[in-house]
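Taken verbatim from TrEMBL:
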type: SIGNAL; residues: 1-21; note: signal peptide
type: DOMAIN; residues: 51-134; note: domain 'Thioredoxin'
type: TRANSMEM; residues: 188-214; note: transmembrane segment
type: REGION; residues: 223-344; note: region 'Disordered'
type: COMPBIAS; residues: 223-239; note: compositional bias 'Basic and acidic residues'
type: COMPBIAS; residues: 241-283; note: compositional bias 'Acidic residues'
type: COMPBIAS; residues: 306-317; note: compositional bias 'Acidic residues'
type: COMPBIAS; residues: 326-344; note: compositional bias 'Basic and acidic residues'
Amino acid sequence: MAGGHWGPLLTALLAARVATATEGGPEQAALPEERSWVRPMTASNWTLVMEGEWMLKFYAPWCPSCQQTDSEWETFAKNGEILQISVGKVDVIQEPGLSGRFFVTTLPAFFHAKDGIFRRYRGPGVYEDLQNYILEKKWQSVEPLTGWKSPASLTMSGMAGLFSISGKIWHLHNYFTVTLGIPAWCSYVFFVMATLIFGLFMGLVLVVISECFYIPLPRHLSERTEQTRRSEEAHKAEQPQDAEEEKDDSNEEENKDSLVDEEEEKEDLGDEDEAEEDEEEDSPAARADEERNDAQDQGPLREVQEGGEAEPGEDVPEQASPAHTEVAEDTLRQRRSQHADKGP
């Protein structure tokens, strides 16, 4: 009886002990999670890096190099308060828009930001190097991202939109192929058809917008524009004809000039022939005068020869002296020169 009386009491105590053990066991086994000093950055809060000094890390969960630098990055973030710097990280899988805004092409990628001026950190992701980069202000020797490369620029904002769209398409493709089990080629066909339909729809929207904002011209203005267009076409058609006529006129003028030149040359040749004829006409007269002078000079000699010997008491004229002949030759030469001057 005693054993039967204490039996239920012992079982109740054992059940209470097991219950307390099960309730307290997980609490004792679970360790408090360590707080992360790295701040996750998203498309909604990335503008915080525009103020103060920041260091950002772009990573992917599947990247082995990114996983190797996780512990170093956490240590660097713990000492952020001492270094007076904020430390953040961006998951490119979850935030493709931010990776496009910073134009991240390799992983892991590190960026330094100081009052909205961004620089690319290309050193190793080791705590000592990161600490020296901030303490020694090595970032001052690095060229900043300016112009269209700056994450805050309009071009990089457009790049962020393209990357975000591509990320959504990639997630949708994974949903079709992994979750629903659809073949990959069916997913590709779906995206191709969606692209064509979207393009046609955008073209229709642009046409409707242009029709809404298009203001037609009045009828008389449209007729004037049509007339002006026709006149311009006629003027363009007449231009080649005018050019051909000008060429013909220029050729005719050249032919006329050549004919006039030929006629002038012929006239000059005729004048030269006349001058030669005049010289020839003058030359017989000169010869006749010479013969007459010779006859006058030789006349007394001929009379003496014809009459025979002169009678005594008569005076016989003397023969022409050489000086007289020279004078006659000089006069002939002068006459010839005068005729030659008159000829041309």
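The first residue you see is number 1, and the count goes up from there.
Just so you know, glycine gets a Cβ as well, placed from its N, Cα and C.
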Which residues of the same chain, at least 6 past either end of the transmembrane segment (188-214), have a Cβ under 8 Å from a Cβ in it? 169, 173, 176
Mean pLDDT for the domain 'Thioredoxin' (51-134), rounded to an integer? 91
DSSP residue counts for the compositional bias 'Basic and acidic residues' (223-239), split into helix, strand and coil: 17 helix, 0 strand, 0 coil
Kindly report the helix/strand/coil residue split of the domain 'Thioredoxin' (51-134) according to DSSP, in that order. 32 helix, 24 strand, 28 coil
